[in-house]
Amino acid sequence: MFLSSRMITSVSPSTSTNSSFLLTGFSGMEQQYPWLSIPFSSIYAMVLLGNCMVLHVIWTEPSLHQPMFYFLSMLALTDLCMGLSTVYTVLGILWGIIREISLDSCIAQSYFIHGLSFMESSVLLTMAFDRYIAICNPLRYSSILTNSRIIKIGLTIIGRSFFFITPPIICLKFFNYCHFHILSHSFCLHQDLLRLACSDIRFNSYYALMLVICILLLDAILILFSYILILKSVLAVASQEERHKLFQTCISHICAVLVFYIPIISLTMVHRFGKHLSPVAHVLIGNIYILFPPLMNPIIYSVKTQQIHTRMLRLFSLKRY
């Protein structure tokens, strides 16, 4: 599929800070877009429906108004927002509605994508902390995780996720973009815009690396450390049945952590060492990074968490009758 003359003009090199950017999508597979739109539309529908159902079950069931499920609702809300932040551009390309995005819209989308990624990492860390207290210090669980403290934790997560990424995102607005305005994904990422800029991007590059280390890497280390302490506490329990029961309460969270971090590591490795891979492979990994956690988390918690599983079945049985 060839670009129109108007589109070529809009994505040509310029020093304007108000130009449009071309969203490439699955380059070279434009003829298959109508077919690709079917699975992607289904995935987005499952993301939105699954996370809304988790939120609905927790909201309407008084017995689930506990710290563990409050944190799960934060995770579901984060996943829901992640799906909403990319649905317009991803499906817009596949449906033939859009091919371009303005700089302001691109910056806003990258802000929400990266902010929500940091937020998901923070929520997963908080859920690990919740499991640590529940297993290692159960007698003080309710006194430590009070409702007021949970609200403060939630506000801290939001502030931590979106405040610290503001400086590099604001800088994107004032860069000159003198390379061809062609993005390598179906959505906007900070590193994609940096690649097109001809301004001094050292601050953004170093700052972004610092954020990855201080948030994503630090969270992963703290989650691992919390599970080392949890495992030590579980192994100290004499009864094998009790050990199994305690470990079962952590299975869902462990799966959610793997579902979040494996795509991030894969995307990082592809960007770092996958220069020989086709553009389609890069776009596919990018979409897995965006869509896999929001798709899988409702499934994981609906299957592995007994309270959610029971109420989901009850919800579907009510809808049938």
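Backbone N, Cα and C atoms are what each Cβ position is placed from, and that goes for glycine too.
In the disulfide annotation of Swiss-Prot, CYS188 is paired with CYS106 out of the candidates CYS81, CYS106, CYS255. Placement of THR60 and THR268 with respect to the membrane, taken from Swiss-Prot, is on opposing sides. Sequence-distant contacts (6 or more apart, same chain, Cβ under 8 Å) of CYS188 (disulfide bond) comprise PHE21, THR89, ILE101, SER105, CYS106, ILE107, GLN109, SER110, ILE113. In this chain, the transmembrane segment (109-129) lies in contact with the transmembrane segment (247-267); the count of Cβ pairs under 8 Å, excluding pairs fewer than 6 apart in sequence, is at least 3. DSSP assigns CYS106 (disulfide bond) to a helical segment in the three-state reduction. Tertiary neighbourhood of the topological domain 'Cytoplasmic' (227-246): same-chain residues 128, 131-132, 135-136, 254, selected by CB-CB distance under 8 Å and a gap of 6+ residues from either end. Residues 7, 10-11, 17-23, 25, 33-34, 36-37, 40-41, 44, 48, 116, 169, 172-173, 177, 183, 186-188, 193, 287, 290-291 of the same chain, all 6+ positions outside the topological domain 'Extracellular' (85-108), place their C-beta atoms under 8 angstroms from a C-beta of that stretch.
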